[in-house]
Amino acid sequence: MNITDIREQFPILHQQVNGHDLVYLDSAATSQKPRAVIETLDKYYNQYNSNVHRGVHTLGTRATDGYEGAREKVRKFINAKSMAEIIFTKGTTTSLNMVALSYARANLKPGDEVVITYMEHHANIIPWQQAVKATGATLKYIPLQEDGTISLEDVRETVTSNTKIVAVSHVSNVLGTVNPIKEMAKIAHDNGAVIVVDGAQSTPHMKIDVQDLDCDFFALSSHKMCGPTGVGVLYGKKALLENMEPAEFGGEMIDFVGLYESTWKELPWKFEAGTPIIAGAIGLGAAIDFLEEIGLDEISRHEHKLAAYALERFRQLDGVTVYGPEERAGLVTFNLDDVHPHDVATVLDAEGIAVRAGHHCAQPLMKWLDVTATARASFYLYNTEEEIDKLVEALQKTKEYFTNVF
């Protein structure tokens, strides 16, 4: 894996910000886009922009082939059994809401339980809050260990015969914790529950095999894996999807419309009302091609090395608190003593370094950590150890500045 060659494929990285070479350490928020994806979008809009499925003209056929070809690429990428199990959405948030609206509200009743964790992104909390409110079910939380990991014993104690849904992030966007999805799926299934996985932070960085994980639903976003914004995927087991009603209605998803009744298309199109995100899906297909050419195992090893190096360098700084386990995905969330995370991010930006600051759409986790906000540096395939060195040097400057000035 030649990082220099990889970086050459990302035009945005070759610029200066505030007089410094850009160091982009915010890929957990959104990844940068390789030239191959940008050119694919350009080609679509310049050469075969058209609506899909119903047109018999050449442009329509090419657009349909590109759109459905992207669906097949996603299917292979996550090893789903059938293209019928791959639904294009606006992103992970929409995918999770779709399950909460179409599956949860139809299957929950008073006395039932939905189980989640304290580390969830708001997109995997609020839909379940609304689902239990609408159905009279109960929302429960799996506790976290001191290092921000989940104990399978705690999962077994929390998930009961009353549990109908277990919803969990594969990788925490704050702690970098990689959750044991396969083992959690077995516990859920042994209790008659389904498991819903937020894969936004795992799919870009490691091989995903939904059949091996045995998850019932899996959500992902294109923009975090070198693809365009505005498009994502919901994977669902075919038997579950077939019994679910659509959450949205309109064109594209219908089979027949009468004056008082209508019927829906078969999977997956019954869940894709309206003109779909055609360019986005085709761009996602190009991103998958790009990632597979490099290799997800190679990417995962590179990021694991970066995370370990970052933790080692952070230990050399005084007055820094790092959150999360030793073994983690490629991100480090931290705070400098007596310096607000937004101030940290502002000073780093002056050095050309982009990090994220705030609650990271995880306010319950912030409360568990007993902080209001943190700073986060997140890594991807195009980052280097030299960039981590620049980050640590800039943090040392930041610490000295606030110590001396204030």
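Keep in mind that glycine also has a Cβ here, set from the backbone N, Cα and C atoms.
If you compare LYS90, LYS207, LYS224 in Swiss-Prot, the N6-(pyridoxal phosphate)lysine annotation sits on LYS224. Sequence-distant contacts of CYS361 (active site, cysteine persulfide intermediate), defined as residues of its own chain at least six apart whose C-beta falls under 8 angstroms from its C-beta, comprise HIS121, HIS122, ALA123, ASN173.
Around LYS224 (N6-(pyridoxal phosphate)lysine), the same-chain residues at least 6 positions away in sequence with a Cβ under 8 Å from its Cβ are SER27, ALA28, THR30, SER31, ALA200, GLN201, THR203, PRO204.
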